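Participant: For reference, the structure I am asking about is given below.
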Amino acid sequence: MKLKVYADRMSQPSRAVLIFCKVNEIQFDEILIYLANRQQLSPEFKDINPMGKVPAIVDGKLKLSESHAILIYLSSAYPSVVDHWYPTDLSKRARIHSVLDWHHTNLRPGAAGYVLNSVLGPALGLPLNPKAAAEAEQLLTKSLTTLDTFWLKGNAMFLLGSNQPSIADLSLVCELTQLQVLDDKDRLRLLSPHKNVEQWIENTRKATMPHFDEVHEVLFRAKDRCQKQREMATASKPGPQSKIIQFSTIGEKSDDPNLVQNTTDRRKHRRKWSRAEDAILISAWLNTSKDPIVDNEHKACAFWKRIGAYFNNSASLANLPKREPSHCKQRWSKLNDKVCKFVGCYDQALNQRSSGQSEDDVFQVAYQVYTNNYKSNFTLEHAWRELRHSKKWCSLYPFENSKGGGSSKRTKLNNGDRVYSSSSNPESVPIALDEEEQVMDLPLGVKSSKQKEKKVATIITIEEREADSGSRLENLWVLDEEEQVMDRPLGVKSLEQKENKVAPKPTIEEREAADSRSRLENLWALKEKEEREADSRSRLENLWALKEKDIEEQKKLTRMEVLKSLLGRTTDQLSEKEDILKNKLIDEML
């Protein structure tokens, strides 16, 4: 059976295994596992590697993970592998093992930790952490010094005084090439003091060409994207002598051809949205309409201007270029569409949930349903987790039609928005149309308050009329009794006593007025009870959502605090379990 290699080329250990197989002409099938799409957590891949990490291989009946173990196995199992990669000499093998063990506890935490906390954090939904980056940089600098003065001592081209590369050379070089995503000045600041290290990286690259550059092509493209984003961020902060090019439908024209060309180039460039930006956009959409609105004719264009202002004023995005309101609207439309579709898939998976299945298992089933239905991967899990418990979002985008098979038609939501429901896809969900044309609704509190005031005024008016009518009837009744007393003959005591014993019967108008008052009192009491219950339910739902979010944030902060404390200690101060925990936390961050 042909060897299968499960890898993601943005992963340093994955690149080492792929280059090794290609250089030694080992026939294999490469199966891509995209970490950004959480494919490593799928049930199919966890059957191969229960830890859910890449790389992993399947060779016949053997399923193996951990890049160092994979490289050792391939070197021993395949005759085409040249001896210098993993020598048969036991003393040389032992020294290679010592380098590999040192790599996992020194160079990898330093290099990976610095890149994560200074560049790649936002791409993974984590904030940049200058303090953690500084601590990782100290470990990286120390590791580079050890590499330069101990492992590369002498005039040899490779580690341990060898003139040919080993699996240790390949593994460590792939680790350091991850620094390519840094700014050029930052990378040179770290590597330039270590000339032996720079020459050794180049020697390993040449020894494994052309496969080295081919496997690293994904990383080089990521480097170019990071560099362009840094250039855009610099261009968005003009100095006192620079010229600002205005981008608007009514902007001023420029006679300078260079400015016109620069404007065209900047318009062509499209900056991708990070998870952190998505989180701020969702927060802006959820919170903006809660502000006081003084006019019922509040158009959607003004609404998106306010969302754009909310987004651009966020402190966590201060170092990034500003987004236009139209950009926010386009991103929200795309994000909302995909999340709505995934909700339908998740509901379907939830209905088919069997006993023993966890929430992660249900998510994986929903992910597979989405992939099968829409022929693409669902990459917005972070947005789905933010919106799924939002009362406002759920009320505006109901999902009763997501499982139906009715005809394709437009319907109306509670707020009057037009939606489109298609029968061609049983998992289709309603999507709001014509956002620019619709008039924004007033906040729920304002409308309900106005309706309540109108109802109270109506009830008070009815009660006042009934009270006035009852008062007039009582006055007429008293006058009638006085007239009867005046007309009675004197001395007729027996008749007078008989009439006093008989209670006066209410008129039809009195009975109707009393019944009306009773019904109104009952209706008003029932209405107040319903409002109290609804308000109580709303508060409980909000508290529960906040509690869940706080728990998740607390878990994340706890893991980061544990990792920071472990990174602040030297290897000699860590027990074996603490060392394993530190490496596991670093891998989770990446």
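A Cβ is built for glycine as well, from the same backbone N, Cα and C atoms used for every other residue.
Got these off Swiss-Prot a minute ago, pasting:
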type    : residues                                               : note
DOMAIN  : 1-82                                                   : domain 'GST N-terminal'
BINDING : Ser11, Gln12, Gln40, Leu41, Lys53, Val54, Glu66, Ser67 : glutathione binding site
DOMAIN  : 89-232                                                 : domain 'GST C-terminal'
DOMAIN  : 265-336                                                : domain 'Myb-like'
REGION  : 402-427                                                : region 'Disordered'
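Tell me about the surroundings of these features in the structure.
Facilitator: Residue counts for the domain 'GST N-terminal' (1-82) under DSSP (helix as H, G, I; strand as E, B; rest coil) come to 35 helix, 18 strand, 29 coil.
The Cβ of Ser67 (glutathione binding site) has 27 other Cβ atoms within 10 Å, all protein chains considered.
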Participant: Provide the three-state DSSP residue tally for the domain 'GST C-terminal' (89-232): helix first, then strand, then coil.
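Facilitator: Counts, helix then strand then coil: 116 helix, 0 strand, 28 coil.
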Participant: For a quick check of understanding: among the binding-site residues Leu41, Val54, which residue's Cβ has the most other Cβ atoms within 10 Å?
Facilitator: Val54
Participant: Could you tally the C-beta atoms, other than its own, that fall within 10 angstroms of the C-beta of Gln40 (glutathione binding site)?
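Facilitator: Within a 10 Å radius of the Cβ of Gln40 (glutathione binding site) lie 20 other Cβ atoms.
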Participant: Among the binding-site residues Gln12, Glu66, whose Cβ has the fewest other Cβ atoms within 10 Å?
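Facilitator: Output over binding-site residues Gln12, Glu66: least Cβ neighbours within 10 Å is Glu66.
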Participant: Taking 10 A as the limit, how many CB atoms besides its own sit near the CB of Lys53 (glutathione binding site)?
Facilitator: 23
Participant: Looking only at Ser11, Gln12, Gln40, Leu41, Lys53, Val54, Glu66, Ser67, which the record lists for glutathione, tell me the maximum pairwise CA distance in angstrom.
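Facilitator: The two farthest binding residues have Cα atoms 19 Å apart.
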Participant: What mean pLDDT score does the domain 'GST N-terminal' (1-82) have in the model?
Facilitator: 94
